[in-house]
Amino acid sequence: MQEPDNQMEKVNVWIIVVALSMETIFGNAMVIAAYKLERNISKQISNRFIVSLAVSDLIIGIEGYPLFTLYVLNGDRWPLGWIACETWLFLDYTLCLVSILTVLLITVDRYLSVCHTASYIKWQSPTKAQITIICSWLIPAFIFGFMIYGWSLVSDTTSGLVNGECAAPFLTNPYVNMGMYLVYYWTTLIAMLILYKGIHKVTKKLEKKAEARNQRQLALLLSQRLGTQVGLKLLLSQSYNADNDIAGENVHTADDDDYRTFTTNATNCTAVHALYNPSEDIKRETVVTKGFPMKWVSQIKNHVTRNFFSPKSSFSVSTTSSVEILDSKMPVTQPAGPKIPPVTLSRYGSTSRNENNAKQSFLSSTTFRQRSSCESSSFSNLNIKRNNLLHFSFSPITLLQRKRKQTKAERRAHKAFRTITFIVGCFAILWSPYYIAATVYGFCRHCIPSLLYTLTYYMCYLNSSSNPFAYALANRQFRITFLRILRGDFSKNS
């Protein structure tokens, strides 16, 4: 890269570089602090790999940005001497390989946790994770310690600065250079992409299985609800008074704890317990019918609640309507005797009928139809308080509107998929350009412009700057802890 023509350009470059360096240091320091402060993060063994990556990125922010910028702005001449040059090259290459291996370990860890959960749980332990992390640091240090400090022992080159250039000595041999990049970068990247594809495949498979299971449960629950509602209709019909056919007759019951009285104003429509005949003109103003034993309702409520609802379920109903079967394979015969208008229980303790006929399709081959039989009818005095009887609705629409909850395996798979997507995605996008340019550079130095080579090198540093954001986007616990740190809360959760 050519030296900038004036001091203002140098100042602008240093401002940008210092900002990136500080962001890298601060961001990765927050990752380490979050691991120390938040117990939910530190108790997960897999997060140790993220901390290891944060440490390597933190050091790159300290030494990588400023020293490389110093070298570039000085016209690609190293001003600090050969020993400092060797030390910088050793740190830079070692930390880059540590980052590559750590990203690979994170990918392998997430893959095993999703695709081989049982074996992974048995194998995983803090000691094994720590040994793996130590090896991911020692192997790069050994490789580049030899390639930089000991290269002169196996080649004809001499150590020292040539025209002030500070570059790794093995770059002069294009075959060694290409072989190293092929072994520790391209092979690693391909392996990570294969593992990433495996995680994605398992995630989709879990989603399909969970959705199919949810559909089966929904179909079963709807059929059970329908059976319960039909049983409720039959039970209510037993409470009819045999003398109900006398128009305008009032039937009174004892004022005790086991019975309640329903009073309804009817105009061209009957009440639930009244005789129902659409061809008749009903002229009576008020029909008071006999109530039914509350112990029956309590039994129904307890049975339905115990079998078909979880205690935490909450239902909101915009409309309540009666339901009847239309499937020809499941005929339902009406009981002999007077026809009873369907009853729908709502959480507000009232029954109502819609004035417009509507149809709603549900799962499997069973179809339900909303039906209304009068323009406006409602119970004006429905005073049932015992046992808070009607806290739920039989409307199947409410069940379909409920959001399916993810299983633990699904949550684990989605979390792993998000983490790998951000980390591996940033890694591949920001590192690949440099290794392409460096491979070509080994064979033909003049084929790669100096500016392009410098920019691709900076892109590797940018990966260290972006990793903390990848953690925050992928992991909710990291995101919450980061916000807590930014607010100045450094209390440690026990």
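Glycine too: its Cβ is placed from the backbone N, Cα and C atoms.
Now, the feature entries from TrEMBL:
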TRANSMEM  12-37  transmembrane segment
DOMAIN    27-471  domain 'G-protein coupled receptors family 1 profile'
TRANSMEM  49-68  transmembrane segment
TRANSMEM  88-108  transmembrane segment
TRANSMEM  129-151  transmembrane segment
TRANSMEM  181-199  transmembrane segment
TRANSMEM  420-443  transmembrane segment
TRANSMEM  455-474  transmembrane segment
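Proximity of the transmembrane segment (49-68) to the transmembrane segment (181-199) is not established, fewer than 3 Cβ-Cβ distances being under 8 Å for residue pairs spaced 6 or more apart. Of the Cβ pairs linking the transmembrane segment (88-108) with the transmembrane segment (12-37) and spaced 6 or more residues apart, fewer than 3 are under 8 Å, so the two regions do not touch.
Within its own chain, the transmembrane segment (12-37) has Cβ neighbours under 8 Å at 4, 47, 50-51, 54-55, 57-58, 60-62, 65-66, 69, 73, 461-462, 464-465, 467-469, 471, 478, 481-482, 484-485, 490-493, counting only residues six or more beyond its boundaries.
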